[in-house]
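Peer 1: Input: one structure, supplied below.
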């Protein structure tokens with residue numbers, strides 16, 4: 001059923017004039033009729049397949065479809081056939097560059113997760129190989145990252161001490177990694193990738209900065225040479241640990257640590273100022289490790305206070321599938337840790353992948369990436385790796401070093417393999433302080449001052465969300481800080497829906513345009529009409545508010561009319577253009593408003609309800625009470641039609 | 001800074017034509033400049049004082065303001081001075097009518113909360129008196145209600161058995177009632193009344209129906225005469241309890257119970273069919289109690305199986321302030337129970353108050369009502385009352401019996417007082433089965449078949465929310481059922497924001513109206529243009545989706561253009577009318593979209609951004625990249641201006 005509403009044809013004269021002759025007919029129309037099943041199907045397609053992933057398969061032969069399908073799941077098949085020697089040259093350079101970063105960072109980040117350094121190297125070997133087969137980003141450099149390492153370390157250490165029970169701790173780490181991978185792959189497979197969108201930019205800016213501060217402060221342990229350090233992650237216990245244990249401070253460690261830290265920070269600054277010199281900051285960590293190791297090895301007797309990594313086992317990743325557990329006391333903790341580190345590492349990986357894809361104009365399919373990262377972590381958990389993803393810092397170096405395909409990850413893995421097989425004894429005298437300095441240099445980049453300022457400038461509530469997640473992480477805990485920030489982001493959406501804008505409109509003289517009276521000074525009220533736009537869907541969460549607010553607008557408007565001795569209000573026009581949805585409570589609101597206005601002999605008119613709203617109004621039979629004269633396509637038509645019909649019956 | 005955009009004056013010819021002469025100038029304008037503090041103030045006023053509660057005080061003398069203020073907090077001062085004998089007559093009749101309902105229901109509902117029956121009568125005495133002073137509804141009949149009684153009983157019984165530890169149980173009840181009142185009063189005082197809006201109609205319909213089924217099934221204990229009954233509230237344990245204990249079934253109880261149940265249900269039906277006969281169902285419970293008590297008292301020796309209430313103490317409410325506790329093991333449970341029963345009873349009370357206020361055309365101020373109900377419960381907790389609110393069934397009877405003011409509550413309280421002082425011994429032989437029959441009759445009305453059908457017809461997701469809360473209550477537990485339903489309602493809002501509609505628009509020939517191509521068959525594409533409307537705020541939660549979706553629309557449109565050998569797409573117009581908000585992620589989306597389209601030599605144009613969006617676009621400096629030609633007030637202007645400038649530079 002369509003409610004027909006006559007309106008004058010094309011260009012409408014100003015509202016006070018009578019309609020021109022030759023009027024056409026235009027309806028406020030329902031969307032084409034469709035079944036509930038069809039609507040559900042459309043809705044589900046929009047939820048799960050907004051990118052229409054099958055469009056490549058349309059109008060293709062069966063064999064071509066098979067090849068395309070294989071290429072979809074194994075992107076390596078897309079680019080490997082066209083791989084050239086020239087590409088290889090670039091990839092080898094970039095692969096070796098990121099390896100020189102990945103090896104010291106791998107060892108350092110493993111320490112952050114309270115793991116033996118070797119696990120960090122294991123995690124820089126298997127996952128990059130798997131990603132190079134499954135992943136669709138050309139620039140992602142895969143391996144352990146600081147945030148996920150930190151969160152995993154914090155969450156597991158609360159239940160199990162890695163010193164007292166190293167085997168159980170390792171089991172927990174691998175199991176959590178397995179669940180992280182499972183969670184990531186499921187999100188991708190079930191096409192629920194939008195879950196990570198709920199970690200808004202504002203949330204992440206605050207969270208990253210908070211985590212960076214915590215991580216940097218924790219490194220004071222290594223930089224100052226403190227032995228007995230708190231296992232807590234909050235600001236206060238860490239700081240008190242630093243200052244209470246000042247008898248353990250070692251001046252040798254402090255001097256050496258500070259020197260290397262300054263060198264690393266300076267090289268980072270140089271590369272940031274001039275991206276062409278990226279290799280300076282890329283080479284600095286490995287160079288520092290070599291230098292400091294050599295220094296400690298030579299002056300061992302003179303530097304007795306400096307703590308070193310110690311002996312590391314040689315050889316490639318041992319299998320660890322037998323260390324996974326799927327029941328018992330700690331299974332809940334493992335799943336929780338897996339989900340949180342999984343979502344964090346996914347967010348980082350996807351964001352990094354998208355950033356560099358945008359720079360080089362190719363597409364990264366979020367859901368496919370999630371499956372790739374998830375499978376990579378699941379396999380990693382069976383080969384002694386902990387949670388890995390695309391690292392922002394290493395991917396940036398990879399990009400700047402000219403990486404062309406995922407082969408750079410393979411080259412990096414090869415370099416790590418050589419290290420694992422032959423170079424492990426060299427790390428024996430590597431001092432812990434250099435790892436601390438490397439971590440600090442890496443996490444400093446996570447503090448995004450400019451981003452925070454931008455948030456403040458554009459959106460105060462976003463800024464508040466960032467602030468809360470920053471302080472939440474700093475003073476309470478990482479998961480709670482994250483939860484607070486997500487809560488604020490969701491609250492912001494709800495607030496927008498709960499307290500929507502309502503804007504009284506006026507006509508801009510000489511046009512058919514109706515705009516906010518507040519924003520457009522020249523807009524004028526139309527005598528006897530009160531036009532109001534509702535700027536939100538009308539839902540249970542705001543229908544009570546909207547009713548109160550609209551009645552208050554009418555009350556205030558009537559007061560204004562009385563004090564300016566204008567004619568009485570005869571018609572309230574509700575501009576529904578921005579009412580993008582309505583539910584049963586919203587329909588009740590409209591019924592109620594109509595009833596209350598009718599009691600005061602004021603007519604209520606709806607203008608331009610969108611398709612889905614129109615449909616619901618129709619189903620609820622409320623349209624019948626509006627009839628032919630209560631529904632218009634534009635405000636101009638409504639004003640003209642009603643004022644002319646008022647004149648007709650004076 | 002305002003971006004000036006020239007448009008042709010008033011009535012625009014169809015887009016292909018050249019602009020008429022005498023063109024005026026109209027800007028897409030920023031809202032008037034204002035400070036952050038002012039904006040914050042405006043926002044906070046909208047959040048907490050949308051109804052402008054102080055408008056009555058404007059332009060009044062100081063003494064008048066004082067009187068108005070007193071009347072605001074004590075509504076009795078508003079109506080008491082004008083109280084007449086005629087009003088009193090109506091109120092006495094209605095007060096006595098609801099007393100005849102309140103006494104048996106009070107006793108029954110107390111049983112539902114596992115409390116001694118006398119507490120139900122206490123709770124029907126003090127709270128109505130307090131409400132009549134503080135409350136602003138004229139028809140609300142105050143006392144214990146079934147849902148809140150059930151929820152309180154269930155939640156407390158899980159921790160403490162009322163049989164093993166009756167004193168602790170009572171302490172818990174009063175403490176929970178105190179916290180319920182405190183929570184309610186705080187919501188009102190802090191003007192956070194919108195919290196209860198999150199219990200949507202759909203949620204409540206399902207929840208009430210589920211609770212009604214549970215309550216009714218629980219009454220089988222009394223109706224069948226079972227002694228050993230489960231203390232659980234879920235469907236399965238209750239049903240298994242009924243059938244496993246069939247050796248305890250007592251045929252005397254069953255026969256008598258069924259007879260009274262049928263009588264009560266029939267009288268209810270009669271009153272529902274003919275509201276004028278409301279007194280039949282109003283009188284039925286008390287009559288049944290009297291009849292059944294007399295029957296049992298006379299035939300005591302012949303009906304040994306029938307369980308009776310037993311001896312009840314006489315006298316008015318003893319003080320119970322000394323039984324409240326504010327620390328210890330159970331404080332968490334008391335607070336949780338208080339908040340949940342508080343919010344449930346508040347929802348019922350406010351909804352009932354609003355319903356009857358609407359019928360008689362007066363306003364009930366939600367926040368003020370919350371304070372009244374809250375203070376009533378806080379005082380109740382100190383005078384041996386448990387949680388009370390406005391009951392739907394008794395308020396309906398009150399309304400039908402012609403109640404004019406809150407004096408009917410005073411009359412009811414007086415009747416309860418007389419009962420407490422003199423008539424308690426009469427209840428000694430009242431059989432439990434009659435209480436069960438009264439409860440069943442009362443809760444049957446909570447199952448709203450028609451409401452559920454309406455939900456199905458209008459909004460499938462609302463229907464799903466109702467279904468989930470129904471089954472959640474039935475199979476899991478009352479608080480979890482409630483939580484699921486609220487979760488679904490919130491999820492629905494988030495889904496709407498996460499997956500917003502995007503609608504390609506076309507021009508309706510002969511007009512300046514642009515509408516959905518899908519909904520309006522006569523709408524036509526404009527060559528070289530692609531016009532798309534986004535129907536939601538652009539937030540972090542949907543910016544990734546929108547980017548993908550808009551690019552897909554463009555891809556599909558380009559395919560369509562190619563297959564119909566039309567001219568290439570030159571300009572994408574984004575209709576922002578319904579984009580009611582934007583955040584930093586949304587701004588990134590627009591920047592990104594512009595960049596990607598520019599790479600393909602397609603122009604991106606924004607049309608009619610609302611005030612707050614315009615402001616944020618301005619603050620983020622993105623407007624500069626759009627410049628004078630990227631921002632228009634209407635689609636018509638954009639199309640005309642751009643197509644004419646394209647012709648100018650062929």
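Glycine is no exception: its Cβ is also placed from the backbone N, Cα and C atoms.
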Peer 1: According to TrEMBL, which stretch among B:330-352, B:353-375, B:376-398, B:514-536 corresponds to the feature transmembrane segment?
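Peer 2: Here TrEMBL associates transmembrane segment with the stretch B:330-352.
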Peer 1: In the same chain, which residue numbers or ranges, 6 or more beyond the ends of the transmembrane segment (B:202-229), come under 8 angstroms Cβ to Cβ?
Peer 2: 111-112, 146-147, 150-151, 235, 238-239, 241-242, 245, 248-250, 252-254, 257-258, 261, 305-307, 347, 351, 432-433, 435-437, 439-440, 443-444, 446-448, 451-452, 455, 459, 462-463, 465-474, 478, 481-482, 485-486, 488-489
Peer 1: Under 8 Å for C-beta pairs, could you tell me which stretch among B:168-190, B:249-266, B:278-297, B:330-352, B:464-491 has the largest tally with the transmembrane segment (B:406-427)?
Peer 2: B:278-297
Peer 1: With the transmembrane segment (B:249-266) as the reference, find which of B:168-190, B:278-297, B:433-452 contributes the most Cβ pairs under 8 Å.
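Peer 2: Selected stretch: B:433-452, with the most Cβ pairs under 8 Å.
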Peer 1: Who are the long-range neighbours of the transmembrane segment (B:464-491) in its own chain, taking Cβ under 8 Å and residues 6 or more past its ends?
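Peer 2: Hits for the transmembrane segment (B:464-491): 150-151, 154-155, 198-200, 202-203, 205-207, 209-211, 213-214, 233-236, 340, 344, 452, 455.
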Peer 1: Mind checking which residues of the chain, 6+ beyond the ends of the transmembrane segment (B:433-452), have their Cβ under 8 Å from one of its Cβ atoms?
Peer 2: 104-105, 107-109, 111-112, 117, 146-147, 201, 205-206, 208-209, 211-213, 215-216, 219-223, 225, 253, 256-257, 260-261, 264-265, 268, 285, 288-289, 292-293, 306-307, 309, 392-393, 463, 466
Peer 1: So, by DSSP, how many helix, strand and coil residues make up the domain 'STAS' (B:519-642)?
Peer 2: 64 helix, 21 strand, 39 coil
